[in-house]
Amino acid sequence: MEKRIGNAIRVIGAIVGICVVVHVVNVLTHGYLTRYGLVPRSYDHLIGILTHPFIHGSWGHLISNMMSFSVLAFLVSRSGLSRFFAIFALCWAGSSLGTWIMGRESYHIGLSGIIYGLWGYLLVYAIMYRSLKSIVIAIIVMFLYGSFVWGLFPLHEGVSYEGHIFGGLSGGVLGYLYALKDKHHQTAVNKQVR
């Protein structure tokens, strides 16, 4: 248990560390790395699909994202690092591809698409699986991050609500699928016990 928690903290810390280092370099180069953001429907900027989550527009943007990411990532990692990596990667892919296809023509940067994916995963998983643990986690998530709902709407300039939407959708689908998988596994275990 302690080893699992330690490994999760190290992985989350490494991702946060990469974002901080990238931001420091971006500040020192006067925003040079921003050109590696995601630009929808631009074949010249496909690299942005891979690089944009680690680039942030300001210290406030970075700190806000790192705080949310650390909490949500830790909660997701309670189900194991292999599941965390799968959800992280698939939310990255879903939010990136959705934004690339449907997003406004601008540089989209930041980890928030993945953060919304983790958020969506935890909420939908709790609704579908309905264990005490998952419901308690969902209540904590809604208490801390219920305001994320507003990030799904185009209310503010400079916010990639497209990334939020597609990240949240990706996470929600994954929450649904993993809950079905875990319920099926639990049913099989219960039958064996009897």
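Positions of Cβ are set from backbone N, Cα and C atoms, glycine also.
Positions annotated as domain 'Peptidase S54 rhomboid' by TrEMBL: 45-178.
What TrEMBL records for 12-33 (among others) is transmembrane segment. If you look at the transmembrane segment (12-33), the same-chain residues 6 or more away from its ends with a CB under 8 A from one of its CBs are 51, 53-56, 59, 62, 65-66, 69-70, 73-74, 77, 111.
Annotated transmembrane segment per TrEMBL: 53-77 (among others), in sequence order. Long-range contacts of the transmembrane segment (53-77) within its own chain (CB-CB distance under 8 A, at least 6 residues past either end) are made by residues 8-9, 11-12, 15-16, 18-20, 22-23, 26, 33-34, 36-37, 83-84, 87-88, 92, 96, 109-115, 118-119, 121-122, 137, 140-141, 144-145, 158.
When Cβ-Cβ distances below 8 Å are used as the criterion, the transmembrane segment (84-103) is approached by residues 8, 11, 38, 40-41, 49, 52-53, 73, 76-77, 113-114, 116-118, 120-121, 160, 162-167, 169-171, 173-174, 178 of the same chain, each at least six residues removed from its ends. Taken from TrEMBL, the feature transmembrane segment applies to 84-103 (among others).
Per TrEMBL, the feature transmembrane segment maps to 109-128 (among others).
Sequence annotations record features per position, and here TrEMBL assigns transmembrane segment to 135-153 (among others).
Under 8 Å from some Cβ of the transmembrane segment (159-179) lie the Cβ atoms of residues 38, 40, 79, 83, 86-87, 90-91, 93-99, 102-104, 108-110, 112-129, 134, 148, 151-153, all in the same chain and six or more residues away from its ends. Per TrEMBL, transmembrane segment is recorded for 159-179 (among others).
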